[in-house]
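**Q** Dropping a structure here in structure tokens format, bear with me for questions.
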Amino acid sequence: MAETSLLEAGASAASTAAALENLQVEASCSVCLEYLKEPVIIECGHNFCKACITRWWEDLERDFPCPVCRKTSRYRSLRPNRQLGSMVEIAKQLQTVKRKIRDESLCSQHHEPLSLFCYEDQEAVCLICAISHTHRAHTVVPMDDATQEYKEKLQKCLEPLEQKLQEITCCKASEERKPGELKRLVESRRQQILKEFEELHRRLDEEQQTLLSRLEEEEQDILQRLRENAAHLGDRRRDLAHLAAEVEGKCLQSGFEMLKDVKSTLEKCEKVKTMEVTSVSIELEKNFSHFPRQYFALRKILKQLIADVTLDPETAHPNLVLSEDRKSVKFVETRLRDLPDTPQRFTFYPCVLATEGFTSGRHYWEVEVGDKTHWAVGVCRDSVSRKGELTPLPETGYWRVRLWNGDKYAATTTPFTPLHIKVKPKRVGIFLDYEAGTLSFYNVTDRSHIYTFTDTFTEKLWPLFYPGIRAGRKNAAPLTIRPPTDWE
């Protein structure tokens, strides 16, 4: 059976070769015996190269014979055969392929076409190899059969591959859309956060005004009671002064005069012993113990955002002295030592930066300013000029709140924004929301909002501390970074 298949395969290969030979003959010119060039068909139906048949009939004026069948035609009739021209090109290509296949598909041992396939050795073999001792016991089939079988197997593999390719293509397209979707989600969340904090600020401001109004009402109530009690005590004081004068006068009288109404005087003195002298308490009964619980939650949120800020001596102006724990800074008129002029160090503006800057997120820290009369706190961007004279404004990379002359507060915008602060802050809270582009300042002393800068931050931001120049004993105190105080 195997030998029959091999013989059939050999016959099939021979038949294919014969068909190719016939195609080459049909595509050849009978005059030049080469492939037809610009094939034309004459009246008898035979085809020739246009140039060949033209030369063949060159000296004739009538009765033009066919070079093949010798049939003559009265006229020089040459009709282009474009379809045959296409077949000629195909024949040329097939000849090239045949030559290539012949060169590549010959058995290296027997120089016969590799027309069969051995399953066991997974290799192409020729007819002689197939009946040899090496492959006689193997399963050998015609190359076309093996090709068809493996083609079907490959096609079965192709479907899941195409499905997986489609899945990956869809997934990739989905992933490529996600940055835009993420941007929209982030912007939506950003607007939500801004809206929530705006509402929170509004409610805090309202609550602040309510509490301050209640505090003022309580102050007026206590002042009224103090005035009334002072008037009452004034009346008692006058009564007692009159009684004391009366007693002194009695003591100077003669016996008859003294005894005349001494009992009445003694009764008055006795009543004085039981007279109650009361004072008005100025203790504030209405305090922050009733502060709404939702704002304690805000404080808890801020606690989670507390930044561990320490001062960087490499940035400190030479006239600034830092504490050992790098939490405090103060100005000294005489430099204690010469410091290297590094690129990070400020040489004109007497300030110092923190050791850590921020390029994202939300961060909160507090600075104790005490009774100082001159200071500034805030942030600056990484690229600010640190040498020579400068103007610390948002346009130059500085966002600050400052105090000078003991009572003048301002946000250092262009121009300065005066800040009307009712209660002098002993401690200032600073809240940076990098993505939202906000930097907020709070008076920790009375828990009020001072000012908020709104900008677009594109660089690393560094916490900045300016203790002010030493102008009097009060401003000699340092600026100190403190852990945030509790509101609870």
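Placement of Cβ uses the backbone N, Cα and C atoms for every residue, glycine included.
Small disclaimer: the values here were computed from a predicted structure and weren't measured.
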**Q** For the zinc finger entry in Swiss-Prot, name the matching range from 102-143, 438-479.
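**A** It is 102-143 that Swiss-Prot describes as zinc finger.
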**Q** In Swiss-Prot, which of 228-267, 268-307 is tagged region 'Interaction with CDKN1A'?
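**A** Going through 228-267, 268-307 one by one, Swiss-Prot flags 268-307 as region 'Interaction with CDKN1A'.
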**Q** Got a sec? Which of these binding-site residues, C107, C129, has the most Cβ atoms within 10 Å?
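**A** Going through C107, C129 one by one, the largest Cβ count within 10 Å is at C129.
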**Q** Enter the number of other CB atoms within 10 angstroms of the CB of H135 (Zn(2+) binding site).
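**A** Other Cβ atoms within 10 Å of H135 (Zn(2+) binding site): 20.
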**Q** Determine the Cβ neighbour count for H110 (Zn(2+) binding site): the number of other Cβ atoms within 10 Å of its Cβ.
**A** 14
**Q** Can you name every residue in this chain, apart from C107, H110, C129, H135, with its Cβ inside 8 Å of the center of the Cβ atoms of the recorded Zn(2+) site?
**A** Q109, E112, L114, V125, C126, L127, I128, A130, S132, T134
